[in-house]
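Database features (TrEMBL):
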type	residues	note
REGION	1-20	region 'Disordered'
TRANSMEM	40-67	transmembrane segment
DOMAIN	41-513	domain 'Major facilitator superfamily (MFS) profile'
TRANSMEM	79-96	transmembrane segment
TRANSMEM	108-126	transmembrane segment
TRANSMEM	132-154	transmembrane segment
TRANSMEM	166-188	transmembrane segment
TRANSMEM	208-227	transmembrane segment
TRANSMEM	305-329	transmembrane segment
TRANSMEM	379-397	transmembrane segment
TRANSMEM	404-422	transmembrane segment
TRANSMEM	428-452	transmembrane segment
TRANSMEM	464-486	transmembrane segment
TRANSMEM	492-511	transmembrane segment
Amino acid sequence: MSSESGQQDVESKPKSARSTSAGHEYEDVLQIIGFGRVQWIVLFAAGLLLMMVINETMGMSYITIVSQCDFEMNSMDKAVMSAASFIGIFCSSYFWGYLSDTIGRRPVLIYTTIAGNFLSLCSTVIPNYWLYVFIRFGVGFFIAGASSTTYAYLGEFFTPRHRPIAINYASLFVGVSTVYVPATAWLILSMDWSVSITDGFSLRPWRLLTICYLLPGVVGTLMLWSLPESPKILMSLHKTEEAFAAVDWIAVTNSGKHLHEFKVHKLKTEDNANGENILLISKSAFTTIKKMWKETLPLLRRPHLLNFVISCTIMCGLFFSSSGMGLWYPEIQNRLGSNAADDSMTVCQVIDASIDQMQANASNKICDDHINTKSYIDTITYGSALIVGYILMGLVINTIGRKASISIGLTLAGACAIALIFIKDEVAIVVCFCLYLVLPGLCVSILSGAVVDLVPTHLRGKAVCICLMLGRTGSVFGSNIIGVLLESYCSLTFGVFSGFVLVCASLTLLLPI
């Protein structure tokens, strides 16, 4: 974590303009204390929460396949089930972002994760399709707190110099999750057992899979109990004594010394904060909503408006490609692995052939929920590529910068999507698919870190949550577009996905990151 960085926090001031008479700047104190044990704990806790979010959302890509016979689903039903969690995240992200800026990051992270994990556990015994979809919507509604507040909480324990790298390495757990999901599915779904509960409902291995997917959230929440609230948000809420105590705890845990031993006796407070907690003092829902809108309005005005809108548009494109297509990646690879033709075929030719096979199965009343081994291996390959990508990104991001990282990555991803229309070689197909999913996925954490630095502390939670909330709509649209178009207009589908990421690559050049 010693790489140099040109990135600056929007609230950072030149050292010549700082004075210790009003107290030390929080980032200066972190620099004095140094990187240590606390940062590692925060990093791992944040990583596990992000891993839980990916498990709960992307894990549905396997559950939709193996549950299709139990719920009697077609392609559109699968798309709806896959999108349910993302819709839940969309509906609540703004509220959790506002709440994290109003009462703090830590309680939002802890209680939303607990609620999301509880509902996920409940979903394992749901026999009805629409009730199951509703419960998965509820899971998404609550894990939205961890989905976006994690970045703000994590970033505020690091100096602006280390923040991009820290967020990148926490996002490394997204890659770990992308390996964990298929590896766990491979292990559990290879079992062949069924426990009959009623005449129309049986417990099968895929329901156990859901429990495995929520475990990282349980561990991450337990780690959060041992951590303090973000001192940065405490200062923003004018809780200066609590903020000082939190920073002192960081100093003692990292170095064994109290702040006064570093000659730090006071922290400089936020100038643009509002300590009034409208959620606690207001009995009117209208007053609360009005206050939420008023406090969010600065994001829609200069100097934040243009950068914020561009960031949200790019984030939508990143999720549209990485998550929208990613949800269908095991399904597509499962069809490719089930192809019995001797001649090499393009992805679209294989999909066309699989449609004929499914129609034949339907006429014979055969329901096939088997997952080909190749699908597991290819998805693990994709996850491994994502891990390597995050490691490499952490090494080069401060050298080439955020802007170049995102624009170059998305341009390559767009080229790979176009190539998938024409190539027939199996290895080349896997490589292009992996690059198309990995590169936009890497850019999500980079852009989230950029948004943290583009806005002041009291707007960060809302800004990141809204940005990721709109990004999740890209997942919903992407997943459903594939569900509608893939089997009828396969080449057009890949063309649309390619065009969207190329537009986002161009927009990145307009951001001051």
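Even glycines carry a Cβ here, placed using N, Cα and C.
Listed as Cβ neighbours of the transmembrane segment (379-397) (distance under 8 Å, sequence separation of 6 or more from its ends, same chain) are residues 3, 164-165, 168-169, 171-172, 174-183, 186, 329-330, 333, 405, 430, 433-435, 437-439, 441-442, 445-446. The transmembrane segment (492-511) makes no contact with the transmembrane segment (208-227), as judged by fewer than three Cβ pairs under 8 Å among residues 6 or more apart in sequence. Taking residue pairs at least 6 apart in sequence, the transmembrane segment (208-227) and the transmembrane segment (464-486) share fewer than three C-beta contacts under 8 angstroms. Counting residues 6+ beyond its ends, the transmembrane segment (166-188) has Cβ neighbours under 8 Å at 1, 39, 43, 46-48, 50-51, 54-55, 58-59, 61-62, 150-151, 154-155, 157-158, 205-206, 208-209, 212-213, 216, 330, 371, 373, 375-376, 379-380, 382-391, 393-394, 397, 441-442, 444-446, 448-449, 452 in the same chain. Same-chain neighbours of the transmembrane segment (40-67): 73, 78, 81-82, 84-86, 89, 109, 113, 116-117, 120, 136, 139-140, 143, 146-147, 150-151, 153-154, 157, 166, 169-174, 176-178, 180-182, 185, 189, 204-206, 209-210, 213-214, 216-217, 219-221, 223-224, 226-227, 323, 326-331, 334, 369, 371, 475, counting only residues six or more beyond its ends whose CB sits under 8 Å from a CB of the stretch.
Counting residues 6+ beyond its ends, the transmembrane segment (428-452) has Cβ neighbours under 8 Å at 148, 151-152, 155, 163-164, 167-168, 170-171, 174, 308, 311, 314-315, 317-319, 321-322, 325-326, 329, 332-333, 336, 347, 378, 381-382, 385-386, 389-390, 393, 397, 402, 405-406, 409-410, 412-413, 416-417, 419-420, 460, 463-464, 467-468, 471, 497, 501, 511, 513 in the same chain.
In the predicted model, the domain 'Major facilitator superfamily (MFS) profile' (41-513) shows an average pLDDT of 82.
By the count of Cβ pairs under 8 Å, the stretch nearest in packing to the transmembrane segment (208-227) among 79-96, 108-126, 305-329, 404-422 is 108-126.
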